[in-house]
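Scroll down for the structure; my scribbles are underneath it.
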């Protein structure tokens with residue numbers, strides 16, 4: 001008899017999970033969030049050891065996995081870029097086989113999707129994708145939990161992603177939304193439209209869920225009847241040399257109050273996976289302002305601090321949703337079907 005449909009599975013990309021499974025994980029996240037708020041212990045991973053592999057640096061992902069593991073009674077061990085050899089002095093396969101004998105679960109945040117897939121293939125333990133260049137699945141659970149908390153549902157809502165339409169967050173929002181029945185609009189310049197295969201994948205899921213997929217560079221078409229406006233940084237990690245080009249290309253796709261008003265929905269919410277470059281209160285922000293004359297990038301400070309903003313709720317939800325994924329895949333919970 002199968003005790004859990006999740007036990008032992010890796011969480012590498014949203015497309016690997018059904019709508020019912022993703023909805024279950026979002027619901028479990030809400031439950032674990034409630035337990036946390038009421039200070040009720042939930043040590044589903046007591047005695048477990050979790051490896052946190054970070055090829056790319058992070059604030060939210062590292063903090064979320066660390067606190068989630070501790071709340072679940074597990075011991076997290078951080079291994080940064082200087083601590084792991086993945087493909088450098090030791091193959092990913094060999095590293096995976098070693099870590100799988102020492103740890104009960106592995107988180108990986110890095111560049112290559114193939115690398116996280118190899119870790120899952122050869123470690124023999126659940127592997128969780130904390131971000132790769134292609135997908136950002138743990139972010140999606142937090143995003144759609146935040147949307148559900150604000151609207152009480154997901155199906156039939158419209159989420160508009162503004163900016164670089166070919167990055168990992170755009171890919172994941174598009175596919176996950178299509179699976180969950182959320183209309184997803186990508187508002188982006190043609191040069192940065194999502195890859196054809198990603199759009200086709202999303203359209204396939206949308207046919208099943210009844211969702212709508214729209215890729216456009218027209219602001220009026222993009223934000224009409226929007227419930228959620230979402231943006232991300234204009235330059236992803238590893239692409240810093242393209243900054244001048246991106247600023248010029250993406251300035252018309254900035255989330256500002258004019259765009260918010262264009263949506264015509266006072267109940268609209270704004271999301272951002274963070275960090276956000278909305279002012280010059282950072283070394284990076286000052287540098288960009290000096291070099292390019294831009295003091296606010298993907299979102300204006302006005303929108304970032306407005307009544308529409310939910311990004312700090314969204315950031316907190318990283319912890320609760322990551323906790324749900326780890327508990328479901330490693331905690332021997334009784335989930336015979338969803």
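Every residue gets a Cβ built from N, Cα and C, even glycine.
Mapped onto three states, the DSSP output places residue 273 (carbamoyl phosphate binding site) in coil. Swiss-Prot lists 58, 59, 60, 61, 85, 109, 136, 137, 138, 139, 273, 274, 318 with the feature carbamoyl phosphate binding site, giving sequence analysis as the kind of evidence.
Long-range Cβ contacts of residue 232 (L-ornithine binding site) within its own chain (separation 6+, distance under 8 Å): 161, 163, 164, 167, 169, 170, 272, 273, 298. Among the features that Swiss-Prot reports, L-ornithine binding site is placed at 168, 232, 236, 237.
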Candidate with sparsest Cβ neighbourhood (10 Å radius) among 58, 85, 138, 168, the listed binding-site residues: 85
Cβ-based isolation winner (fewest other Cβ atoms within 10 Å) among the binding-site residues 60, 136, 318: 60
Residue pair residue 168 (L-ornithine binding site), residue 58 (carbamoyl phosphate binding site) - Cα distance, angstrom, rounded: 15
Count of other CB atoms lying within 10 Å of the CB belonging to residue 273 (carbamoyl phosphate binding site): 25
